[in-house]
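Colleague: The CoA binding site annotation in TrEMBL covers Arg52, Arg60, Thr96, His97, Asp117, Glu160, Lys164, Leu174. Look at TrEMBL and you will find Asp117, Ala118, Glu119 tagged as Mg(2+) binding site. Summarising the annotation, TrEMBL assigns domain '4'-phosphopantetheinyl transferase N-terminal' to 41-107. Annotation comment: TrEMBL describes 114-200 as domain '4'-phosphopantetheinyl transferase'.
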Amino acid sequence: MAAEAVLTGTSAARTVATLFPPGIGVGACVVGQGGPLLGAEAAAMARAVPARQAEFAAGRHAARQAMARLGLPASPIPMGEDRAPIWPAGVTGSITHHGALAFAVAARAGALALGLDAEPDEELPGDLLPLIFPDPAEQRLLAASPQPLRRAREGFAAKEAAYKCQFPRSRQLLEFTDLRLETLTADAATLRFTRAAPPYPAGAVLPVRLARAEGLVIAACADPRPDPAGAADASG
């Protein structure tokens, strides 16, 4: 059985749910319909422009939906100095938004690390290729596709999801060179650490699942390896 999704009426929300294993809460919210912020969330957005406030509120509302699927109460999810969400104790998760939609996933901390990203289902600008995929092996992988720039967009989403997945455990701000795109198909990718980011050794691999819905490329990363440092409480 796939992870359960809060009913939102969007096929993208249902798609997100299919990409994660059982026991993961999934939420979605239309930007502009996020409702009031809670606690320290409001202070974090006090000086933000209205568009950013709306995105932030939608993401937090989606996150609280995801937590509700786990039987957890609505709680503030403030933003840390590194801009990552600070989840309540015992919870880990990931938030993403693009255009009019925001999505979030949540799980009990410790057993899983999660990463979620949504990107427009369109070609990646060609001038970004050397920045995002600096390794010649990555560039050859993309060039082998009939649509290399569209495949590059999928690869970018996969890198973002893998980055978000590892961050609550490593707390390291990785560069694009630190996670190399090893394999990429229409529905899956693998990312390999090119350097150690403890607890991840150099050479460790993170799997990513990919799907498309409502004009979005959705990338999902779930790392089942136990967190050696204990329960993580932040993710992207």
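Glycine is no exception: its Cβ is also placed from the backbone N, Cα and C atoms.
Could you give the neighbours, burial and distances for every feature on this list?
Modeller: In the three-state DSSP reading, Thr96 (CoA binding site) counts as strand.
Note: Asp117 (CoA binding site) has non-local neighbours Thr96, Ala157, Ala158, Glu160, Ala161, Lys164, Ile218, Ala219, i.e. same-chain residues 6+ apart with C-beta under 8 A of its own C-beta.
In the predicted structure, the domain '4'-phosphopantetheinyl transferase' (114-200) carries a mean pLDDT of 97.
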Colleague: When secondary structure is assigned with DSSP, how many helix, strand and coil residues does the domain '4'-phosphopantetheinyl transferase N-terminal' (41-107) contain?
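Modeller: Helix/strand/coil tally for the domain '4'-phosphopantetheinyl transferase N-terminal' (41-107): 24 helix, 18 strand, 25 coil.
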Colleague: Which one, from the binding-site residues Glu119, Glu160, has the smallest tally of other C-beta atoms lying within 10 Å of its C-beta?
Modeller: Glu119
Colleague: Taking the residues Arg52, Arg60, Thr96, His97, Asp117, Glu160, Lys164, Leu174, which the record names as binding CoA, find the longest CA to CA distance and state it in Å to the nearest whole number.
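Modeller: So the maximum pairwise Cα distance among the CoA binders is 24 Å.
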Colleague: Distance between His97 (CoA binding site) and Ala118 (Mg(2+) binding site) at the Cα atoms, whole Å?
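Modeller: Just about 6 Å between their Cα atoms.
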Colleague: Counting Cβ atoms within 10 Å across all protein chains shown, which of the binding-site residues Arg52, Arg60, His97 comes out on top?
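Modeller: Buried the deepest by this measure is Arg60.
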Colleague: Whose Cβ lies within 8 Å of the mean position of the Cβ atoms of Asp117, Ala118, Glu119, the Mg(2+) site, other than those residues?
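Modeller: Surrounding the site, in chain order, are Thr96, His98, Leu116, Ala157, Glu160, Ala161, Leu216, Val217, Ile218, Ala219.
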